[in-house]
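Positions annotated as signal peptide by Swiss-Prot: 1-21. The disulfide bond annotation in Swiss-Prot covers C24-C45, C27-C32, C38-C63, C67-C78, C79-C84 and is backed by similarity to another entry.
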Amino acid sequence: MKTLLLTLVVVTIVCLDLGYTLTCLNCPEVFCKKFQTCRNGEKICFKKFDERKLFGKRYRRGCAATCPEAKPREIVQCCSTDRCNR
């Protein structure tokens with residue numbers, strides 16, 4: 001009986017969702033390899049860049065609670081899965 005109870009406790013702990021933390025890219029380069037673990041409440045990954053520049057685009061990537069607004073001539077892309085803001 002104790003073995004069954006212990007097994008049920010272990011299975012319950014393993015199956016519990018102990019919280020999910022989103023991971024987003026966070027760097028200004030086109031080919032970004034730096035990751036950031038988002039803070040509690042940040043459920044969005046974003047990527048911003050200036051649409052006017054063909055070469056040397058400066059990207060801004062990171063985590064956010066909501067999708068940031070685009071400024072004039074700026075493109076913003078948002079998503080909500082791990083490392084989706086490539």
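Cβ from N, Cα, C; glycine included.
Distribution of Swiss-Prot features across the structure.
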residue	record	Cβ contacts under 8 Å, 6 or more apart
C24	disulfide bond	F35, Q36, C38, C45, F46, R61, G62, C63, D82, R83, C84, N85
C27	disulfide bond	K33, K34, Y59, R61
C32	disulfide bond	L25, N26, Y59, R61, R86
C67	disulfide bond	I44, F46, V76, C78
C79	disulfide bond	I44, C45, F46, N85
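Taking each of the disulfide-bonded residues C45, C63, C78, C84 in turn and counting other Cβ atoms within 10 Å of its Cβ gives the largest count for C45.
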